[in-house]
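So the structure is just underneath, and the comments pick up after that.
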Amino acid sequence: MARVVIMDHPLIQHKLSFIRSKNTGSKEFRELVEEVAMLMAYEVTRELPLVETEVETPVAVAKTKVLAGKKLGVVAILRAGLGMINGFVKLIPAAKVGHVGLYRDPKTLEPVEYYCKLPPDVAERDMIVIDPMLATGGSASAALTLLKQKGARHIKLVVLIAAPEGVSRVEQDHPDVDIYAAALDPCLNDHAYIVPGLGDAGDRLFGTK
């Protein structure tokens, strides 16, 4: 069974408070989402393997450690996932970036794919799927399925806010995928919005509905 990790780091929780606030404008919202994404990237990559090496300092030779050549990929679920991309690639500049476009059918609430562009070597990479919200879990589950169809074997899902319904859906459909969230909120409302959540992340990031 997959792990569900709630990141309670003080900086993440502090910034998340301002992200939630309805009084936070698009510019500040974008900046905060990027900052929290970077903090989450730090935690998500905590278990990357290291190898020992040596470097020459101005004084002497030092024994150090570097990443063991593990290939990483980051996939944003459009459009709101775009707000988290920079936070990840600033910390992991060598990561390849993919995009999956999904929209939620207003009647069925199920995802419909309209775009998919992934690194060609996803089977060789540890993939990180990012999206600010895990509500019903439909979009996340569909994106994870797409990655697996392309050969991805090691995947993590990173979201700002999750609802129990979304967590259950991903656990049911993809029990091998660990979920990382900054917060787990109580429930969804009748419109499948996370309560209390933060509203529509895409609208708030880009100032358009």
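Don't overthink the numbers, they just go from 1 along the chain as shown.
Note: Cβ is positioned from N, Cα and C throughout, glycine not excepted.
Taken from Swiss-Prot, the feature 5-phospho-alpha-D-ribose 1-diphosphate binding site applies to R79, R104, D131, P132, M133, L134, A135, T136, G137, G138, S139, D200. Within the same chain, residues at least six positions away from R79 (5-phospho-alpha-D-ribose 1-diphosphate binding site) with a Cβ under 8 Å of its Cβ are G101, G202, L205, F206.
The feature uracil binding site is assigned by Swiss-Prot to I194, G199, D200, A201. Taken residue by residue with DSSP, D200 (uracil binding site) is part of neither helix nor strand, so it is coil.
The distance from the Cα of M133 (5-phospho-alpha-D-ribose 1-diphosphate binding site) to the Cα of D200 (uracil binding site) comes to 9 Å. When the binding-site residues I194, G199, A201 are screened for a C-alpha within 10 angstroms of the C-alpha of D131 (5-phospho-alpha-D-ribose 1-diphosphate binding site), the residues that qualify, in sequence order, are A201. Sequence-distant neighbours of I194 (uracil binding site) (same chain, 6+ residues apart, CB-CB distance under 8 A): M133, A135, I161, A162, A163, D185, C187, L188. The secondary structure of M133 (5-phospho-alpha-D-ribose 1-diphosphate binding site), as reduced to three states from DSSP, is extended strand. Close to the recorded uracil site, the chain also has A80, P132, M133, Y193, G197, L198, G202, D203, R204: residues not among I194, G199, D200, A201 whose Cβ is within 8 Å of the site's Cβ mean position.
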